[in-house]
Every structure is written in C-alpha cells, then in structure tokens.
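*Asks:* Handing you this structure, nothing more for now.
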Amino acid sequence: MPKNSKVTQREHSSEHVTESVADLLAHQEPVDYKRSVLNVTGEAWDKQKEGDEELDAENRPAWNSKLQYILAQIGYSVGLGNVWRFPYLCQKNGGGAYLVPYLVLLIIIGLPLFFLELAVGQRIRRGSIGVWNYICPRLGGIGYASCLVCFFVGLYYNVIIGWSIFYFFKSFQYPLPWSECPIVKNGSVAVVETECERSSATTYFWYRETLDISNSISESGGLNWKMTLCLLVAWSLVGLAMIKGIQSSGKVMYFSSLFPYLVLVCFLVRGLLLRGAVDGIMHMFTPKLDKMLDPQVWREAATQVFFALGLGFGGVIAFSSYNKQDNNCHFDATLVSFINFFTSVLATLVVFAVLGFKANIMNEKCVVENAEKILGYLNTNVLSHDLIPPHVNFSHLTAKDYNEMYRVIMTVKEGHFKELGLDACLLEDELNKSVQGTGLAFIAFTEAMTHFPASPFWSVMFFLMLINLGLGSMIGTMSGITTPIIDTFKVRKEVFTVGCCIFAFVVGLIFVQRSGNYFVTMFDDYSATLPLTVVVILENIAVAWIYGTKKFMQELTEMLGFRPYQFYYYTWKYVSPICMAVLMTASIIQLGVSPPGYSAWIREEAAEKFLFYPTWAMAILISLIILASLPLPLVFILRQFHLVSDGSNALSVTYKKGRMMKDISNLEDNDETRFILSKVPSETPSPMPTHRSYLGPGSNSPMEMSSAPNGRYGSGYLLASTPESEL
C-alpha cells in the first residue's frame, strides 16, 4: 500500500480518517459487483455478456512461436516499397549519400515510434481502436482513422498484387511475351506495331497489353476484364489468409517472408555475373555529398522511413496484440527496423546490378544505331573518311571507340553537328535515367530479364517474390482493419472478413478500368501521406504528453523486466513529435507549391506526359484526405461534450475466476489506486486501468503497489497473459 494512502494513515495514527471508496473496497471479499447493491452504474447484469467478455479475454489468439511473430512483422514492414521506392530514392538523392539521412531518421523517428506501437499493442492486447480508446478516449479517433487509411491503402495495394499475378502467369512462355514487339498486318504487308516501335517492347506490353491504358484519367474506357480477374484472385488470397486467423497466416509467413530473401539473393548473385553490373553498383555507391544538405532529401528520407515500417496503419499494433505480456518488444522493434533497412539495401544492390546490365545493353544499342548513321554519312560523303580514327573497326565497334569518333566529329562539324542527329551514348546517361514505382518492376526489370539466360525462370521467380511481398504487407494492412473492429464491436471474424474483402473488391473496380492506373497513382500519393502523419503525431502525443512518458516508461519496466533506455524518453517526448510536425508542414507546403498531377501515357505519341488532375479528380483527392482525417476531430468533439460515453468515468468491478479488479477512475488523485486481488501471482491481471482517464503527467502510476499482508505480492508482480480491460 502506498505510504500516503488513508489505510496506512489509520494504522499509524489514532486520528479519525474518512475512508474513500477505494479504501473500503480494498478490504472486501471478492463480490459479483453487478448483482450487488453497490451497482451504481445502473447497468443491468447480463450473465451471457459477462461470460462472453471473459472468454474473449481468456481465449484471445496468440502466435505459435516468437519466430512466427517476427516473420509476420517483417513480412508486413518489408514490402513492395523496399524493391521499388527505396532504390529510386537512393538513385535520385545522391546514391550512397542518401543512406546517411535515411539511417539517422530511422534511429530518431522510425525505431522509437515503432517500439511505441509494439509496446502499446502488446500491453493492452487490443487493436488500434481499443488501444487509443484505452489510453485517451478523447483521441479514440486515432484508431478509426487508422482503419480508414488501411482501407484506402489496401484498395490500391491489392491491385498491384493483381498486376504481379498477371505477369506471373504470363511468364510461363518462351520467349517472354514482352521480349519483342508484336507484328500487325497492314493489308498484305506485315509491320511492327507503331506504338511499340516508338517506345519499347516492355513498355508497350505494360501500357497496352496489361493495362490497356487510356490517354487520361477522364477517359474511363470501361473495365479491363483481365485485370478484374487478377484482382479477384488477389482478394481471394488475402481473404483466405485472414479467415484462418493468425495461426494459419503466421504459417503462411514462414514462406511469404523468407522466400523474397531467397529470390533477392539469387538475383544478386545472378546480377553480379552480368556484364555491366559493377557499373550499376558503383553508380549507386558513388556519393553526391552536396545532396545531403538538401532539405528535400531529408523530407523524402523521413517519408520513406515512415511508410517502410508501417507506422500508423494499425497493423503493427494488431500483430503485437497477440503477444504474451512479457515478450521483449524492444528487441523486436530493433530487429525488425534494421532488417527492414538491410532488406532495402539488398534490394537496391539487386536493382542497381540489373540496371547496370540494362544500361550497358541500351548503351550498346545506342552505339550500333549511331554507328549506322555515321556509315550512311560516310557513304553519302556528308562526312569525310579522314574524320574516322584508323584503329576504329565498325564491325566490332566499342563504346570507347565510338566516343572518340563522336568527339572528333563534334569538333570538326561544330556548326552543323546538330543536323547529324548523333547521340553521345554515354553509360552515365543511361544509369541516370531513373525509373520509379511500377515502372521499375514492370518495365525496367522485365526488359533486363529478357536478356537473362533461361529468362522465363527468372521472371517466374521475380513476380512470385512480388506477390509474396505484397501479400505479407496486405495481411498486416487487413489486420489493421479487422482486429480493432472485431475487438471493439465483437462481430464474427469470418463474416466480417468476407464482407470486407467483397466490399473492397467492388470498390476496387475503379482501379481496373482502363484509366485505373491513374487512380492508383492518386491514392498512393495522397490517400495516406498526410492523414498518417497526423495519426502518428497524435499517437506520440497521446502516450508522451497525455498519458505521461514517465508513467509509460515505468509500466514498460514492469512489462519487460528492465527499464528502456532514456533515449526513448527524449525521442518520444521531444524529438519525434518535432520531426513529425516538420514533415507534416513540409508535405502541406509541397502540396500547395506543386499542383497535384500524374503521368499519362499518350497512345498517339507513345510517350508519357505530365497532366494536372481535373477539378472532379481534385475533389476526390481532397475528399480522401478529409475522410481519412475526419474521425480524429469527430470523436474528440463527441467525447469532449459527452455526446457519447467513453467509459472513462464509471466505477466498474470485474469478477473473473476467483479474481477481482476494481477501477475507481472518477476519484481524486490521491484516491486513484487500482486494487488487484488474485489467488495466484500468475493470474494477476494487467495493472493498466480498464477505462483510462487522464491522470496528468505528474500522477503516480497505478502500478505502485505495496506487498500484501501474506507476502505473496510485491511491486514486481507477474503480469497476466490477457488484458482485463472493458473497452
């Protein structure tokens, strides 16, 4: 018993003491409160409901093993962004120099916030809605906002899995269908498809055969039936994995989490054996140090850290909620964060090895085409044979010989050089042609694979890897929706999951129109960035400033068995909120400075063209941001003005299997003690309050408990394996 409690005062003083309700309850035998005359809440006792709550707390699913859980978190955090976006940002922002700001921001933003989400999920053992209702009811909108963002992201993310499924089945052919341009008949003459000839075979296959894309977002063009079927397959796979629950999805993770690493290592070994691969890797690690001083580089690095770990989506909280209370989540946070980082580096090595090979192929093609032009000029006497160095052999022309010849011609024909239409054919120029997003996987990689020996095998492996990466992230994203909804509203898991997948498939048909790729770009750029930033800032504030960093650190000490480093205290309280606020401000400024737009594929020009979104598309874009953020102010207003009950100001007693937990959340500060009575230490329920009301940063932790008279309980008591909250 705390030294300043009134029971202790009575033992050492003859002075009259007015006992609080908490003091009286401390000496009572366990009673069934809801059936007693002390029931002041007016709530009717429901035996069935009480039994359901008890079973829910006792029978919550759990991971079969620690390895299964780690693989699930890795599968969720390591996704398509590691293969697509990180290599592009690395190339764009200074190569090896980009790794420095990324690693710094991973340590001061990513790791602390990832640890925070793991800790609250494991501690409270609820989804995102229950967790934030528990910690700060007025900020309960955080959980609902996370669910909405997960839904938006899941809508378009599964479309990308559908594209990968299409390419996967198309890979079982030799030669690969995107290796050559199709031949069409123009009357009695067979000619190469014009759109393909003006672009490339892989580009044509992506835009015309796969997407059959329209010229702008305003031209719907109807549904693409091939992509519709692939989207149906993708949602079926996700639905089956979710229905079986974490035990089966955890088993799936053994394959889906480890297989991509096998493929990446195989690709790296194969890539390093390709001619020109070293050129690509050297290009990656050649640092452009001036880029490190560019604020834009740091902003993009912070955004990548933010999305790489899946912060704010609720999937991290959902997965950790199935852990045991004494699990070392600090170790998990550190391990998963750095595995994510090294996976990004591994994928970048693979990408740059392949791009180095592709750049050499394209450079050789450039040399051959321009050498033919020079031979034509020599035969028509436009150029003199004296301009050609004597050692140059046109039948075995190297890039070095061509560059030497190019410089001589440019010097002699300075006044008329542009009329010749010759290209420099520099390898550096090819390496600097950055390809991002879908273009990297479905254009650059597919083109490189056409030059691989046994190309169908490598194509099958690559797209199977993309499917696995996507499914791992989708399972986590869907858990961010299903876990909090099922926990909060007690709906049947199978029915809700099937309904959610069917609804998402129907809404997702917008992405499989001929203009669907433009909607994928819109959702990817704007549906999550700003709302998620706000969500994570509020998560940080709720724990560090409202619940109290000292109190949270103390409870982590009880849960983990050791005190986390003071580094986390300062990052949670000061560093992370400030950095996230700067990131949010920079994102808003960029949104205002750069009008939103997209790259449209113009069929007649066989080229991409940047277009601004029309007015109706801008309305959708703004609505996405508002809708995802709406639960935050809405829930705050409803609970601030007591329009709905948050359950934080009620006297509740829960009697479960011989133990009773009493919560007096509406008493004065020095009366706010939670009394936990149990038959055996292993049954001691979680000491966090069942209905968490704000006690203030300076309040004593509800975990401050003294030894019981029988000496069986102390301040270092064991923690329960199930939460005792009533959300």
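Glycine too: its Cβ is placed from the backbone N, Cα and C atoms.
TrEMBL lists these features:
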- Gly75, Val78, Asn82, Asn340, Leu469, Ser473: Na(+) binding site (BINDING)
- 698-709: compositional bias 'Polar residues' (COMPBIAS)
- 680-710: region 'Disordered' (REGION)
- 69-87: transmembrane segment (TRANSMEM)
- 99-120: transmembrane segment (TRANSMEM)
- 141-169: transmembrane segment (TRANSMEM)
- 225-246: transmembrane segment (TRANSMEM)
- 258-278: transmembrane segment (TRANSMEM)
- 301-322: transmembrane segment (TRANSMEM)
- 334-355: transmembrane segment (TRANSMEM)
- 457-483: transmembrane segment (TRANSMEM)
- 495-514: transmembrane segment (TRANSMEM)
- 526-547: transmembrane segment (TRANSMEM)
- 567-593: transmembrane segment (TRANSMEM)
- 613-638: transmembrane segment (TRANSMEM)
*Asks:* Within 8 Å of the centroid of the Cβ atoms of Gly75, Val78, Asn82, Asn340, Leu469, Ser473, which other residues of that chain place their own Cβ, given that this set defines the recorded Na(+) site?
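*Replies:* Counting only non-site residues, the set is Ile74, Tyr76, Ser77, Gly79, Leu80, Gly81, Ser257, Pro260, Thr343, Gly472.
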*Asks:* Please indicate, using numbers and ranges, the residues of the same chain that are 6 or more beyond the transmembrane segment (258-278) and have a C-beta under 8 Å from a C-beta there.
*Replies:* 71, 78, 343, 346-347, 349-350, 353-354, 356-357, 359-361, 427, 452, 458, 461-462, 464-465, 468-469
*Asks:* Using a Cβ cut-off under 8 Å, which residues of the same chain at least 6 positions beyond either end of the transmembrane segment (495-514) come close to it?
*Replies:* 151, 154-156, 158-159, 162, 211-214, 219-224, 227-228, 231-232, 235-236, 238-239, 242-243, 478, 481-482, 485-486, 520, 523
*Asks:* Where else in the chain does the transmembrane segment (613-638) make close Cβ contacts, counting only residues six or more beyond its ends and a cut-off under 8 Å?
*Replies:* 138-142, 144-145, 148-149, 152, 217-218, 522-523, 526-528, 530-531, 534-535, 538, 596-598, 644
*Asks:* Quick check: do the transmembrane segment (225-246) and the transmembrane segment (457-483) share at least 3 Cβ pairs under 8 Å, counting only pairs 6+ apart in sequence?
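*Replies:* Per Cβ check, the transmembrane segment (225-246) touches the transmembrane segment (457-483).
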*Asks:* Using a Cβ distance cut-off of under 8 Å, indicate which of 99-120, 141-169, 457-483 has the most pairs with the transmembrane segment (526-547).
*Replies:* 141-169
*Asks:* Check the binding-site residues Asn82, Asn340, Ser473 for other C-beta atoms within 10 angstroms of each C-beta and report the one with the most.
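*Replies:* For the binding-site residues Asn82, Asn340, Ser473, the Cβ with the most other Cβ atoms within 10 Å is Ser473.
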*Asks:* Which listed range (141-169, 457-483, 567-593) shows the maximal number of Cβ pairs under 8 Å with respect to the transmembrane segment (69-87)?
*Replies:* 457-483
*Asks:* Counting a contact as 3 or more Cβ pairs under 8 Å, with residues at least 6 apart in sequence, do the transmembrane segment (457-483) and the transmembrane segment (99-120) touch?
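*Replies:* Touching, no - the transmembrane segment (457-483) and the transmembrane segment (99-120) miss the threshold of 3 or more Cβ pairs under 8 Å.
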*Asks:* Within its own chain, what residues at least 6 apart in sequence put their Cβ under 8 Å from the Cβ of Val78 (Na(+) binding site), listed in sequence order?
*Replies:* Ser257, Pro260, Ile339, Asn340, Thr343, Leu469, Gly472, Ser473
*Asks:* Around Gly75 (Na(+) binding site), how many other CB atoms lie within 10 A of its CB?
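*Replies:* Counting Cβ neighbours of Gly75 (Na(+) binding site) within 10 Å gives 29.
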